[in-house]
Amino acid sequence: MENTQSGFIGFIIRGSLVKQILVGLIAGIILALVSTQAALAVGLLGTLFVGALKAVAPVLVLMLVMASIANHKQGQKTSIRPILFLYLLGTFSAALIAVAVSFMFPSTLVLATQNSDIAAPGGIVEVLKGLLNSVIANPIHALLNANYIGILAWAVGLGIALRHAADTTKALINDMSNAVTVVVRVVIRFAPLGIFGLVASTMAETGFGVLLGYAHLLVVLIGCMLLVALVVNPLIVYWKIRRNPYPLVFACLRESGVTAFFTRSSAANIPVNMEMCKKMNLNEDTYSVSIPLGATINMAGAAITITVLTLAAVHTLGIAVDLPTALLLSVVAAICACGASGVAGGSLLLIPLACGMFGIPNEIAMQVVAVGFIIGVLQDSAETALNSSTDVIFTAAACQADDARLANPDPLASRKSV
């Protein structure tokens, strides 16, 4: 009996997180089908899990970045520049794919009058201005509001200043960073329960019947995201590491993408991505900066959403689009996507900005945004899964390109699963 109990407890504490998440996923679906009321009640588990991740993520980013820069040794190599290039290349490539697929399989929308009091950004300059304003935010305000651009700016500044501090001070900062990491690991162990609650409550609240009317649009959107995740990203990774990219890609989708799909928050998934980078033995000086930065500017999924929904509105209204305009839309969508994390409503609220390129009135553009919110159950989940998993994929690719010793047929084989 004791052996049975210890075996069960061992599975809970040290077992594969992915397998446990799968159990939670199936249990959530079953509960939603059996009892709507019970499914809505367990939604609290999902709310608590996402809340815990969002609470710990800003502190984790601040401490990790500050500790890694403060303890950085002169001449030690990092891969931030190549990763930034991969982020921008991936986002622009995603926008191009979305344009191509939207022309091959044009979508149309049934636009109904929809009043909305949400203010969309007025232009690209406004989006970029908001991004720059995030850099100079008050540090306490940045932590409280999960402003990762501001947190990164302060962490880098304090880290550089602390490089001249006493060794005991650096050791204290490092110990604090390790302590926060332990808290993060504990929170992540509750992922199966959190996802059980999220799946059960989401299915009970919305079901999937409401999505059937937008089946074609969803197929185009999710098809683009799958194409980027399974074809474009592997091609970029292969170009970078010159090896079979799929073991790395599938490992990242499995470990990072699955969790991000259900939490629907790149910020909440930062601790998961950090832990995965640690399991792959990547350079902490690199991933402690690139992962939170990726959660802010690496937005391939957002670029796809902006492009597909904008072109759906264009096709619905019968507006002709030539090739140069389509290419310009790709650039605009990529730039907008990089600022999506700083806009309330994310990628959907940047659609009116892209629609403005084609002279579409704001009233109609906001109706397109309303359609986006209707399909958000799947659209936002798939978008976040692509965005967040790509952060780890490109970080790992850049690190492996710089250090061939990190290459492994199974990227996570060197250590046990979380």
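Numbering starts at 1 and runs along the chain as it is shown here.
Cβ from N, Cα, C; glycine included.
Because the structure is a prediction, the values reported are computed rather than measured.
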Inset, instruction - Would you mind telling me which of 193-213, 361-381, 382-402 Swiss-Prot tags as transmembrane segment? - result: 193-213
Inset, instruction - Name the range, of those listed as 83-103, 142-162, 301-321, that has the largest tally of Cβ pairs under 8 Å with the transmembrane segment (45-65). - result: 142-162
Legend entry - In contact by Cβ distance (the transmembrane segment (83-103), the transmembrane segment (217-237); 3 or more pairs under 8 Å): yes
Legend entry - Folded-back contacts onto the transmembrane segment (301-321), same chain, C-beta under 8 angstroms, at least six residues removed: 91-92, 94-95, 97-99, 101-103, 106-109, 111, 217, 220-221, 224-225, 228, 329-330, 333-334, 336-337, 340, 346-348, 350-351, 354-355, 357-360, 364-365, 368, 371-372, 379, 382-387
